[in-house]
Amino acid sequence: MNLRNLLLFGFVALLIVLEGTTTAFGLFGGSWNTALGILNMGLISAILALGVNMQWGYAGLFNVGVVGFVALGGLAPVLVSTQPVTEVWTTQGAGRLILALLIGLAVIALAIVLYGRLRGRNRTLAILAVLIGGFFLFRAVFDPAVDVVESFQPATHSNLGGLGLPVLLAWPVGALFAAGAAWVIGKTALGLRSDYLAIATLGIGEIIIAVMKNEDWLARGVKNVISIPRPVPYEVDLQRDPGFIDLAASFGSDPVTASTVAVKLLYAGLFVVILLALIWASEKALNSPWGRMMRAIRDNETAAEAMGKDVTRRHLQIFILGSAVCGLAGAMIVTLDSQLTPGTYNPLRFTFLIWVMVIVGGSGNNWGSVLGGFLIWFLWIKVEPWGHALMGLITSGMAEGALKSHLQDSAAHMRLLTMGLVLLLVLRFSPRGLIPER
Amino acid sequence: MSSSRNPYKDDRGNKDRSITKSGGGELEYPTKGGKARPAPGGPFLAAENMTGGYGAADILHDCTLTVEKGQIAVIVGPNGAGKSTAMKAVFGMLNLRGGHVKLDGEDITALTPQDRVAKGMGFVPQVNNVFPSMSVEENLEMGAFIRKDDFRATMEQVYDLFPILKDKRRQPAGELSGGQRQQVAVGRALMTKPKLLMLDEPTAGVSPIVMDELFDRIIEVARTGISILMVEQNARQALEIADRGYVLVQGANKYTDTGEALLADPEVRRTFLGG
Amino acid sequence: MDFLNAIVALLNFVVIPATSYGAQLALGALGVTLIYGILRFSNFAHGDTMAFGTAMVILVTWAFQSVGIHFGPLPTALLALPFGIAITAALVLATDKAVYRFYRRQKAAPVILVIVSMGVMFIMNGVTRFIIGVGEIRFDDGGRFIVNANEFKKATGLAEGLAFRSTQGLTILTAIIVVAALFWFLNKTRTGKSMRAYSDNEDLALLSGINPERVVAVTWIIAAGLAVIAGTLYGLDKSFKAFNYFQLLLPIFASAIVGGLGSPLGAIAGGFLIAFTEVGFTYAWKKVATYVLPDALAPDGLAQLLSTDYKFAVSFAILVIVLLFKPTGLFKGKAV
């Protein structure tokens, strides 16, 4: 941490403080509520960027399916912390459904075993037979069970529900979900004769989101799950708590504003703890023999291989770790929002924007990723109002009409343009990012 | 560490075939070349006092290579002697700190490799010297890319020189045997009607019979008035057909004489030709 | 009779839609594979180039329609196509000059260019939305059907109608013409051959006096042309929505990779393979099955293997299966 980096972080902190305190030049919101909102998502973005940086920065693995891991992590709070829908936990409902899933897994496992055991035409035929037969068996068991589950109170439930456990438990579970998916993808894509990770992650990302949108029994699909339990108190409870009202009064604030700020601060506290722990762990890991080996592989794979390093295995390891971090962040987002809305998982927002953060911050540098996460998230949020203001300025001299209203309506799309521009400028003039790898 | 490298070239060890294609070119684009100056007199090719290398350390030290018109000059020497580097220097693929290259009465030291081709140099690299997915005939056509005139006669000459290529002219060059591929490579370079043909280890990886055959063809080419400069691992056989031989050691001329004389030199025989 | 009905149903719901979708994917994949072959990277901005180009075609179409220019029974968009291609080619060439050329001169690692193309993707995405918005736009006009379902039923007396929409016919016809022209260009013209040579062996192409900047410029123009044609045909066939075009990136990449990246023939084969499997897996086969199978065996449900929402999963599964057995794709691409 040299002076320049401290200044960069100071600058981002200043931006957030300004957002909370001033409305100067119309650039900032002047509300602690929005400032803390940006801070919280900035913290999560930083964690996401850390995850992608592990893969790209330290192993050169090109993951363009981040959105899938985030979504998968987001599933965890629903499955862990919502109340179980006991009415569908019957033999014909949940029981049969779980049996179907086990059958599906068994079929795939059998196909993999056959792939390893047999050779030539027999292999192709056997695998095809197992997959096709297995598919129909799976559907035969699965479809009626889904009907049972999804027909139960479609307006409010139609899913299995969760385990009713504390929501914080969902965070590591989300990481585990993502890690599991990463293991499967990595095993397949990194095991092929040449490396096809990019297209594999792109595909799996889309598939995970398709599953989450369509499998209502899992998490209600596009009908969304709302009111996911929180790890922090509710605003209304705080506003009723006399102790809190007194505390708010001592700051000279009304209880409503104070409660929203307090809740956001509590979240921020939780997120900061996680972020610091992750940075500590990854810095520690990177300076360990394991981290040195990772860099040796990255910088000269042939030499590392010649020294007997199992490159594919190391790549798989770091791919799983990075994806787990993304899954953790996904669970945190859903917890922060208290809802799961699969329709919002857009690859531009959850894959490519994270890449912008990593590249702008500095590939291979954990602190760079954190900085990139905060800075790009701040821009992502603020460019939209700035765009509106700018368009207002540009069109102020124009006559009322179709062009003027079109320009004003289109201002919202400035944020994509800006992100692209920022990425290109940094890549061109500071290709190592704002905080380069040592 | 990666930080010492050009950041634009830092791929972080990524080898993802689903998004990137490996094996890009190494040549610089022809953007910064200078002009040729008249420099009458001297040998047909005179690459004199060449000093330079890729990075900070020089590989060539005051190295001189000359070829007369229609003659064959051969560069031999131990591994790492800078043979291929010397060839690349003549062709302009290496920045020289000292020395100059003159061809047919012109000083071409400032020219890019592409411009040298236009001035009459033909170069056959040691590896990756054909367009593998293109047919033999298309390979030859690409060799004649800079020619504006009708090149069919030249193509016939190449087919006369290497009859096997005529039979295989519709076949992708990448599917040919090693020896045939070398013939395509030489044929492609001949399509520009070069005055000087430079061959970087043309017999690398081919059988002794094919090697003899190739050397015969090279002699034929020289008889048509084209000067030949080549680097060879098979020093003895190469010196046998050489009008002039250069033994390079550590980037400098160690022995220079006719091929015959070098073969007869006991010192050269003992140290470089294995007795 | 039942058998004929089954065939008509199959044509109507599987073969015709899959063929036109396959043609659209193939055109898109051709652009990706050309850029990959010549510039050595997968262009993440290709979907958005398609979107931008189609948006331009739509704007010109509207302009034509507003002054009363129509193209008889054919969609006015066809008249607008050359303008759309010209604008998009100009934009893409300008992008190359402003963005990509610098990295080419630096001999940058291809993966850096992939990241650069992400930035271009963001910008093009933003520009397209800025110009034409995010809503769904239908812009087909002219005759709707080449073969109308009701007329077909009347003419043949079959229970099953055959509908062949003019946009589908147009898609297939245009694709055939474009692909033929492209192959003629690549295999028979001097410039086309120089592009293949450059893709094969960059250094040797330079030594042969081939001008890399010219090769790259021609490649961008062709890729832009292919993108706009593919995008316009897709939009005519279905509808235009900027985000859908971005999402086409996956099946397009999958087509190009399945076929063998860098191989134009492979891109076409890949496009049709992906399209036919997607449609085949997500079509409800009940209708066809009831015609062909005896009543006792007729399926109860829709006989749909997968919900249409999982069509991406199908493209992806095909991709993985092909790569497991043929690591360089169907037609040996430039991989390994």
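Note that Cβ sites are derived from N, Cα and C of the backbone, with glycine treated the same way.
What you see is a predicted model, and the numbers here were worked out from it, not measured in a lab.
Counting residues 6+ beyond its ends, the transmembrane segment (A:34-52) has Cβ neighbours under 8 Å at 16-17, 19-20, 63, 66, 69-70, 261, 264-265, 267-268, 271-272, 274-275, 278-279, 282, 322-326, 328-329, 332-333, 336, 350, 354-355, 357-358, 361, 366, 369-370, 372-374, 376-378, 381-382 in the same chain. The transmembrane segment annotation in TrEMBL covers A:34-52 (among others).
Residues 48, 51-52, 162, 167, 170-171, 173-178, 181-182, 185, 197-198, 200-209, 212, 218-219, 225, 228-229, 294, 297-298, 314-315, 318-319, 322-323, 326-335, 340, 342, 345-347, 349-352, 354-355 of the same chain sit 6 or more residues outside the transmembrane segment (A:59-78) yet have a Cβ under 8 Å from a Cβ within it. According to TrEMBL, the transmembrane segment annotation covers A:59-78 (among others).
Same-chain residues lying 6 or more positions outside the transmembrane segment (A:98-118) and placing a CB less than 8 Å from one of its CB atoms are 126-127, 130-131, 133-135, 137-138, 141-142, 145. Per TrEMBL, transmembrane segment is recorded for A:98-118 (among others).
According to TrEMBL, the transmembrane segment annotation covers A:125-142 (among others).
As annotated by TrEMBL, transmembrane segment applies to A:162-184 (among others).
With a cut-off of 8 Å between Cβ atoms, the residues of this chain six or more beyond the transmembrane segment (A:196-212) that come close are 61-69, 71-72, 74-75, 181, 185-186, 188-190, 218-219, 221, 319, 342, 345, 347, 351. Residues or ranges marked as transmembrane segment by TrEMBL: A:196-212 (among others).
Non-local neighbours of the transmembrane segment (A:265-286) in the same chain are 36, 39-40, 43-44, 46-47, 50, 54, 58, 171, 231-233, 294-295, 325, 328, 332, 336, 366-367, 370; each lies 6+ residues outside the stretch with a CB under 8 Å from one of its CB atoms. The transmembrane segment annotation in TrEMBL covers A:265-286 (among others).
Feature annotation from TrEMBL assigns transmembrane segment to A:316-334 (among others). Outside the transmembrane segment (A:316-334) by six or more residues, the chain places 41, 44, 47-48, 50-55, 58-59, 61, 63, 66, 69-74, 76-78, 170-179, 181-183, 185-187, 190, 197, 228, 271, 274, 278, 294, 340 with a CB less than 8 A from a CB of the stretch.
Among the features that TrEMBL reports, transmembrane segment is placed at A:354-381 (among others).
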Same-chain residues at least 6 beyond the ends of the transmembrane segment (A:354-381) whose Cβ lies under 8 Å from its Cβ atoms: 1, 5, 8-9, 12, 15-16, 19, 34, 37-38, 41-43, 45-50, 52-53, 56-58, 64, 66, 275, 279, 282-283, 286, 415, 418-419, 422-423, 426-427, 432-438
